[in-house]
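> What follows is a single structure, and I will ask about it in a moment.
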Amino acid sequence: MERIPASAGPEAIFEAFRRDGIIVIEGFLTPDQVQRFSSEVQPGLDELTVGAPEHDEAAQTATVMDEMIGEKTKRLGQLVTRSAVFRHELLEHELMHALLEKVFVEGPMDGYWMNASEVIEIAPGSNAQPIHRDQELYDVWNRAGPAMPEAICNFISALTPFTALNGATQVAPGTHRDFTSDHLLDRDFQGRSDLKTIPAVMNPGDCIFFSGKILHGGGANHTADELRRGLAMSFIRRILTPEEAHPLSVSREIVDTMTYRGQAMLGFRSQWPVIEGVPNFYWTHQGSEIGSHIGLKEKTSGSVVL
């Protein structure tokens, strides 16, 4: 798996992403950002219990959810509401957005928004997460095969060291282009003798950027006392429904402090990127930009003046 410094820029990083489906971006977050963000989310993690939220034990999906969430894993979501560093710095990461535009924007109707964000903390004694594709969230894409454009991509940044022993994400580079419909209908990828995974070993601030088609899963934590903590930020095509219902869960007071682009990532704007001369067709109020309808102020974001 290739490792490229963030300073290499989006072109080099995206080329490796297209080839392997995954790449380690070294120094994606600064040490200062890691420290300040970690401090802001610590109270929420302290209050959180490990494992999946309470559910109907008779539900067919209960066991699957327990395995995916992890019985000794904490998952803290809704980070926009918990961290100013997240909403004003991490969600505004310029390299990240340059890569997202390369992944999702091929024509004037294309765009993207945030699917979900969470801090994932794998405790000692945790079992490995089942190998899966994030694209399983959107079954039509999964069934259509590898030729489909990306539905979802993920950035997982290390907040603590990721090692082979403490639960570094296990990944299978190249599996974004070799799957079949039969494999997609069989969740037991662990039984595939041809599947080779490697641990995404990272220092704090490093990030794995990967396709929703890549097979991966959280590793087992075999240490006695090391918590493996990471930040996952996933993004989807704007025509798809996100996991987190941000327009119904993020307060207007918080949204008013954010940039136009940040608001668009949460669904408080009709589209991102904004392309001059292209009208709004999705997520509108009678064809008008939804943010203007609800009274959000126009702002400048990056090189786009709105």
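Glycine is no exception: its Cβ is also placed from the backbone N, Cα and C atoms.
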> Looking at Swiss-Prot, which one out of H88, H93, H176, H216 binds Fe cation in the same site as H132, D134?
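Among the candidates, Swiss-Prot records only H216 at this Fe cation site.
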> Just name the most isolated of the binding-site residues D134, H216, going by other Cβ atoms within 10 Å of its Cβ.
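Candidates: the binding-site residues D134, H216. Fewest Cβ atoms within 10 Å: D134.
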> How many Å lie between the Cα of D134 (Fe cation binding site) and the Cα of S234 (site 'Important for reaction specificity')?
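Here the two Cα atoms are 9 Å apart.
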> Counting across all protein chains shown, how many other Cβ atoms sit within 10 Å of the Cβ of S234 (site 'Important for reaction specificity')?
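S234 (site 'Important for reaction specificity'): 21 neighbouring Cβ atoms within 10 Å.
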> Through the lens of DSSP with three states only, how would you label S234 (site 'Important for reaction specificity')?
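Note: S234 (site 'Important for reaction specificity') is in a strand by DSSP.
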> Between H216 (Fe cation binding site) and S234 (site 'Important for reaction specificity'), what C-alpha distance do you get in Å?
14
